[in-house]
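As annotated by TrEMBL, active site, nucleophile applies to SER102. Positions annotated as active site, charge relay system by TrEMBL: GLU196, HIS265. Sequence annotations record features per position, and here TrEMBL assigns domain 'LD-carboxypeptidase N-terminal' to 8-122. For 165-279, the entry in TrEMBL reads domain 'LD-carboxypeptidase C-terminal'.
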Amino acid sequence: MEIRKNRIRIVAPAGVPDPDGIERGVALLESWGFSVTKGEYLGGRYRYFSGTTAERAHDLRLALSDPTVDIIWLARGGFGCAHLLEHLPEEIATPKVLIGFSDATSLFCALSDRPGVRLMHGPTFHSLAMKVDDATRDDIRAVLTGTEREPLKLRHLLGDPATVTGRLCGGNLTVLASMAGTRWSLRARDAIVLLEDVTEFGYRLDRSLTQLRLSGAFDGARAFVLGQFTRCPVPESADFTLEEMLVDLLSSWGRPIYAGLPIGHEHRNVTWEYGSHAVIDCGVIHFAF
């Protein structure tokens with residue numbers, strides 16, 4: 001995939017970004033040849049959000065409808081994207097690319113069936129300059145410029161290791177569970193589901209997967225791939241690991257389970273396109289942009 005136009009708009013639909021991180025990100029993207037503008041309320045604050053719901057919705061809607069914007073880059077995660085789902089435009093007139101992850105999972109669920117927008121699960125704008133490693137920066141730059149990327153090696157944990165193909169979906173496990181039962185609930189039929197999370201106790205992840213199972217959100221999935229589960233502890237006295245618990249819960253769908261994908265809240269956070277197709281073959285995942 002090549003994103004041929006280079007006009008970026010930064011918006012903050014959730015938490016308050018660090019201004020220094022934003023400025024460093026702007027300098028980095030401009031050094032790559034991109035033109036960067038900021039949403040009107042990017043520097044705002046309301047409670048623990050970057051603005052009121054109306055202000056945050058205004059910036060996102062304007063970016064989605066503005067023909068001079070090619071790429072909408074979410075400033076940071078936190079919480080707040082769910083407030084905006086009812087305010088999203090029904091139609092997106094000019095092609096857009098939306099980049100973010102974590103809390104952005106709810107936006108991906110809501111926008112995945114709307115033509116005109118490509119959804120990139122990748123580093124937030126704030127983290128681009130402040131947190132992620134050089135390999136992650138090189139990776140997102142390759143995505144933006146259409147440079148070929150190497151496939152990624154996974155660890156096979158359970159199930160038939162035969163070749164699997166399917167569209168990609170998933171994201172933050174806790175956010176996916178919060179969408180279950182809403183009109184934007186994930187539907188993973190014929191999909192490879194990629195999952196990550198941060199700062200959630202093991203029993204809370206159990207609760208989220210149980211809710212997703214009971215809601216039918218993962219029914220018909222073709223495979224599950226675990227990303228990073230950062231600072232997600234189980235009790236010190238536990239006789240199981242977090243990975244063992246997740247595999248046990250996911251095994252109820254009877255599909256192959258893999259781990260080791262570098263997506264999530266650590267220094268390495270590779271980009272994948274929500275809704276695009278991928279192939280897992282011989283324990284290697286190939287993203288097809």
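Any Cβ shown, glycine's included, is placed from N, Cα and C.
Here the features listed in TrEMBL are painted onto the structure.
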residue	record	Cβ neighbours (10 Å)
SER102	active site, nucleophile	27
GLU196	active site, charge relay system	27
HIS265	active site, charge relay system	21
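With respect to their backbone Cα atoms, GLU196 (active site, charge relay system) and the residue listed as 'active site, nucleophile' stand 8 Å from each other. Residues of the domain 'LD-carboxypeptidase C-terminal' (165-279) grouped by DSSP class, helix first, strand second and coil last, total 33 helix, 33 strand, 49 coil. According to its DSSP assignment, SER102 (active site, nucleophile) is helical. Between the CA atoms of HIS265 (active site, charge relay system) and the residue listed as 'active site, nucleophile' there is a gap of 8 Å, rounded to the nearest whole number. Across the domain 'LD-carboxypeptidase N-terminal' (8-122), DSSP classifies residues as 43 helix, 24 strand, 48 coil.
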